């Protein structure tokens, strides 16, 4: 018996099951009958849906936990609480290379899944690539409603990517090296001024990459490296991503979810809106400069967009601001995450740190000699960064696609149509079936020295795979090499005791990084 507002509910379904009914002076028999009818109908529909999901659904033969097969609530709970990546890894260890992680979704972590899900059109009768799951990427849509490079259709993606391709070419990145060096040099001097006092490396790295990205994207640095504490603008980026993911998972179960998402972000997505507005303001200033300066020779990203606007590839003003905001989000957060992870694992493996530091200092007599071209010749540095990308991928989560109506072959299995499918980075990279001792930081696995001959190195795709793979990988590699090279040339680095378990982190698509306290001691003679 349950009491609500002074009334009792009672209805006998059988001699074994009793449910109370509302009764009172204002409720007649028809109201009681209607209430009972709707209750029975609702329960019948609910249990029918649960039974269908578990035993009649087209994915019924794919393994996975019962709760995940019954309801999407299982997936949404783990994702909205930052636990999905580790849970998915756990499920793959238990159930194998394909797991049903929601009633309508499969996770893969082996074989040809990368190419089958994210590759070109080689195995699909429709001749089309698998499309992004629209609602999952709703959080990536810019607050102005414009779909950016991350959330656009194939057609729009190709057009936008074409505009930005020149900006991310090796030639363009090489032309920007002086800009990168200016910000990296300033970070080194700021850290040197601390005289070896433990400091949060996450903040320094994030501020450095954020200043680089704002300078490259908007023609003006945000100057966050000058801050002694976290710059609110830089910190807003992660908070905005977290808010968007949480909103998406809450609204999966709501009617009119697309309309409700817009209202929810306006009401509670303060960080995301503030970050976006700041990007818009600076983008407008940069575009105005280009309009008044006929000889606009700044080699930043905006210059390439402005040049494209004089051709048939033109982007609308709202598309420009939406994509610039995305560049600020992704361009700074992901590179800083990787570098922080790399520093952590280096300091936890002193013999690797000592070897890499010695090699860099032997190769360069002065910091002026350090450049991305020379650093690219250091195969051990490349191996260290590749291992960091494997064990601590900047984008930790999955990016789901939807199978076409006729279904698709994925890793040798037929998957029915209209099913979400994905590769989870953590589950792929930490699988003992793919990598020997997957939780150990071992750069040697990338050097072909035979230490782990069974490793499936091709399964590590930190920049994703296929036509929608990360367009900024050339810039990312330049930043990673330059920042790591300059830090290790200038400083002896040591992990502070309070950060011993720094890698025990939750994820909201990207890592929720706590402070990484490191002592940067100037090397002797510096």
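Easy rule for this one: first residue shown is 1, then count along the chain.
Glycine residues also receive a Cβ, built from the backbone N, Cα and C atoms like all the rest.
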Look through 309, 429 and state which residue has the annotation N-linked glycosylation site in Swiss-Prot. 309
Which of the recorded positions 418, 434, 470 has its Cα nearest to the Cα of residue 309 (N-linked glycosylation site)? 470
Counting Cβ atoms within 10 Å of each Cβ, the densest environment among the recorded positions 309, 418, 470 belongs to 470
Report, in whole Å, the straight Cα-to-Cα distance of residue 470 (heme binding site) from residue 418 (N-linked glycosylation site). 25
